[in-house]
Structure formats: structure tokens, C-alpha cells
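Here is what TrEMBL says about this protein:
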- 1-22: signal peptide (SIGNAL)
- 384-534: domain 'Cytochrome b561' (DOMAIN)
- 386-407: transmembrane segment (TRANSMEM)
- 440-465: transmembrane segment (TRANSMEM)
- 477-498: transmembrane segment (TRANSMEM)
- 510-529: transmembrane segment (TRANSMEM)
- 541-563: transmembrane segment (TRANSMEM)
- 606-629: transmembrane segment (TRANSMEM)
Amino acid sequence: MATMHHPLLVLLIVLFIEIINCQVAFESLCSPEVGVAGMASMDGSNEFEIDLYQSKFLPEDTVSLSIKQKRPNYAINEFVLHAFDYDGNAIGRFDNPQMGDLTLNHHTCSNGANVVYADQVKGRGYSEVPLEWKATGIHHSLDQVVFRATVVSNRQSYRVISAPLKRRLSSEIIPYHDQSINIDYCGESQGCLIVPQQCNNDAKCDYALSWQAIDAETAKFHIVARAQGFVGVGFSNDEKRGDDQVILCTKDAEGHVYVHNMFVGVQTPQYVFRGRPSYGLREADSYSNATHIICKFSRSLSPHTENLGDNDGRGRDRIDREKFVDLKKPHFIYPIYSDESLMTAQGMRIPLQDIAIVNNHPVDFERRIWPKSHPQAASVLAKIHAILNIIAWVLLASAGVMIGRYFESLWPDYERLVVMDSATGAVTGEKYQQRRRFSYFTILPPLMIAVAILTWIAFFCILFELDWKWTYGTHHIWHSILGVVVLICAFFSPIVGVMRPVPRTKRYCVWYWIHWVFVSLAHCLAIPVIFLGMDNRRLDLWTWCSWLLFGWCIFHFIVQLIFEIHACCRARQEYDRLQGAEHYSEKNVDLRIRKESIPGETWKPALLGIYLCITLVVVIILILAVIFYQGY
């Protein structure tokens, strides 16, 4: 018998040592930095997370949360979880006595708050540990709480911090930046769903929804609706309501608004995950006032799924994956808003609404619509694109249009001469034509060729900047489409110009109008294209630049109107042109030749000079604005 006592004693000693080693010794449980005896501590944000099931709290609320794995690892063994205020003081209470086979311990701090911990875990550990925290004893000035956890996994200590749990604002208090949706940015920096569709700002709209891409996987939604019961948005695979995922923001009797992720068959909504109303949603904020309910949330474009599983292979949260909408595929969306309460005697019910799905096509949420911002200076290629187009169309093309349209008679190809009697000085009535070295036609083709070259260089610069891809957004689409039209007209304009036939023939008349269409269309569209280019995310110039260009457009119109009125008045004065006449001075020794007087030959060049000087100043200012633009 004595010989058997020694093996038993050794076995008991080994078991005792194993029990001691399995129990983790936590140090300074009430401090933000909890130590673990014999273990180094490291950042655990890539391995574990603290998932808050709610984004807001009120005093005495019970908040559900969990410590969970972010990816497959050695699981959660021992842990400590506590809530802290700004000053690092533990606040609130955890009251969970036990979770399955996991025994939870509580340590009360000197201020009455407590922390929850497990210092001895049997088995392989846990992928998720759900807990509850009660906001008791919270100071009235505290506006947010942060949870901290120390997780032991595979004999390594990890530090984990949660996102802030913010205090729910009193009803009627809405942050200024959340009060409205800027409908002017719809299609430019955000997608929108508006009811009624013709309303021009969200103050006059019954319902306004906007969404923006946060990154390639996440979208942010913002709802402002005129309602007092609940608002939301539905995602549907077809153009009919029913069997859809809906996000509902419901208002309670105190005016507080809560965000729910739900699935609705016909009228009866059900939580996607019972006990976790906002499961699958992030950064949920919601408010209300006397007229509107405002709701904000973010969600993944892909179905919200957990990649981890329990031992039986099923998803650890036991939810129906088919209830999640995959927004990486196009979906119809429809508005939800009502003054009625979501809660009825028969339970939660969405009342029947005579609101059709107002978008007649599925929404592609993967289309990259980025928030409008001015984070940094535009790229060098974008600036070159802008500068070349400003020089080409504000300066050179405008000068070419003025000269080609109103200075043909003043600077013609052939100068008209009249013959005078050398003795009496009287005009004999005889007229001649003499070719000029300088004429409007020696100016116009080089100008338009320069315009075409600069436009094409600018086009290739922006194509290279965009990596040879088409751009998106309402402003960008119209800037691109109209820009391509201008580009084509600029290409053909000088080609048609050098094919000019003999003047005052039928062919000349046809040529004149073809050339006029190309030049006029290009110039009329180029200036609006420049306006659109001043207001986009790549080169969003200051507002005064648009006003400067607008003022120049008025000045250009006034100058062109003066020239046009003079041309109309002069059109009544007909004079003969001598075709092919030659002047031989040696055969007219007793005659003198002088230049024929042309109306406007004095003031028209002066007005053109003033126009070109002012235009040049405007162009220089705009070029400097583009060069020195550094974002704002």
C-alpha cells in the first residue's frame, strides 16, 4: 500500500501545479492598463474586438456587447472587461453571473463601479463572449464611454479598445451637420433618393436619402424625413415590396430614435438577429425634432457575415444569412416614412403606404461616388489641362471669333483702292483690288490651329491623369461629354477653314455656314465646359473664379453686341468688288491711288484692343488661380 501512495501523491502534486498554472493572475483590475502576471502585453486590435450592439446610451440603460475574434486565432481564454470615462475611472456595472460553462467574476472598484473577468477557462476557449453593462452611476456631464479589455490567448496578453459609446442627446437636439442633406451634390458626390422627386432642397422634401462610399466595401447612409413615427429605407431585388431587408429608425415617446436592421415579409418586420436590433450596422446615429426624423448609419456592401464558426460548423450567431442584401449587386430601393407608431396591438407592423418604388432602375452601390472634399492640391496634369483650355478658349478662340466675324471688311484679303484725278482730286469711279500681306485670314487659321492643338494636349493630359478611364458624377459626365464635342469641333474647324473656296460663290456660301457651325458650337460649349471644370473634386477652384469668368462673359457679350449692331447697319451699304482687276501704275501716270474709306476703321481696332487686353488680364488671373490652388 505504501508503494501506491507515492504515485498518487505525485499525481496530486502535478494536478495542483496544473490548476495553479491554468489560473491567470490579473493585476490592477480597476485601472485602464490591466497587467497579467508573467505575460507581455501587446496591441490586439487585429485579433479581437469589442462589439457594441448599440451606438448610444441613456443613464440606467443596459447595453449589450461582446468580446469576439476578428479572424481565426487561438480563441479567447481569460479576459478582463471594464468601462471608463475620460479620466480613466471605471464606471457602470457588469452583472453577468455565468455564461454556459464560463464562470464570470466581478471586482468592485472604490467608486462602486465594477469590472468583469474570467481568470480560469476550461477547454479551447471562446470565439465570442457576450456580456451586458448597465449605465448606472453615470455623471450627467459624461457624453461617452470607452470599453477596454485585456484578452489572454495562447499565453499572450492582448489590449483591446472599443469605439466610443456615445450618450444619447436629448430630443429636439440635432447636430448641425446632420440636420439636412445637400441635394445639390446628388449625383456629384452622393447618390440620392428624394420624395417628391421635383423638390429642390430637403427642407421642402417629404423624404431625402443620400449614400456615399466610405471605401470599396462600405457605404454611409443619411435619411432626413418629415415623419413622427418611423423612417427607413428598403432594399429589394425587384420592383415590388415584400421579402426585403429594411433599415428602420423608430421614435419613442420621449423623442429618442433607435436604429433597427430588419427583414420584412409583407407588413410584419422581424429583427435580422433577435436581441441585436442594429446587427450589421455601424456608426448608427439618430435624432428627431418636432417635424423630422434624422437617421445615419453605415453598412457593408457585402452581406454581413461572420467568417468564424463553432464546433458544429454553423455560424456562431445562428442568423439567417439569406435575409442580408448583397449591395454589391444592383438593387431597387424605396423610402419608408410614417407618422404612425411601428408598435401596434398585433406587434410591430409597417402600415401600408401608397409610395411606389420611385427609382425605376436598380441602384449600383459599387459605383464610386466619393464625398465632396478639398483635401489637397490638384495634380499637375489636371492643372495643365485647365490652363491650356483657358488659354485656348477664353483668349485665342474668343479673339479668333471676333476677328473672323467682324473684321473681314476691315482687314480683307484684297484691299480696295479708288482712282483719283491727279489734277482735280476727284474720284473717277474706277476701283481696283490689291492683295494684302496682312489680312484677317492670315490671323484666323493660325489661331484656330493653335486652339485645336492646345485642346488636344489638354485632353490627353486629363486622360493620363484619369488612367484612361471615363469619369463619373453629374458634373463630371457633362464636363466630359460637352468637352468631347468641343474637342471634335476644334479638330475639324481649322481643317474646314483652310478649304475655303473662292468668295462670293455658291460653294463659298455652303463652306461659310459649315465653318460657322463648327466654330460657333465649339466656342459656345467651351465656356460652359470650363465653368463645370471649375467645380469638381479634382480642381474645385474658389467661387470668385466662377464669378470672374461670368463677368468676362457679360463683357464679351457687350463687345460682340456692339460689333453686331454695327455690322447690321453696314449691311445695307453695297459696293462692287472688282474680280481679277490689276493696277498698273505706269499706265496711269496722271492718276493717284488712295485707299477706300471703310466704316469703323478707326474705332473697331481700338475696341478690339481693349477687349483683348481685358481678356488677357482675366486669363492671367485664372491661370494664377489654377497654379496656386492648394485645396481648401
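One-based numbering along the chain as shown.
Glycine too: its Cβ is placed from the backbone N, Cα and C atoms.
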Original post:
Taking the transmembrane segment (440-465) as the reference, which of 386-407, 477-498, 510-529, 541-563, 606-629 gives the largest number of Cβ pairs under 8 angstroms?
Top reply: 386-407
**OP:** Return the stretch with the most CB pairs under 8 A relative to the transmembrane segment (477-498), choosing among 510-529, 541-563, 606-629.
**Re:** 510-529
Original post:
What average pLDDT does the predicted model assign to the domain 'Cytochrome b561' (384-534)?
Top reply: 75
Original post:
So which of 510-529, 541-563, 606-629 has the most C-beta pairs under 8 Å when paired with the transmembrane segment (386-407)?
Top reply: 606-629
Subject >> Long-range Cβ neighbours of the transmembrane segment (606-629) (under 8 Å; 6 or more residues past either end) >> reply: 377-378, 383, 386-387, 390-391, 394-395, 398-399, 402-403, 407, 539, 541-542, 545, 548-549, 552, 555-556, 559, 562-563
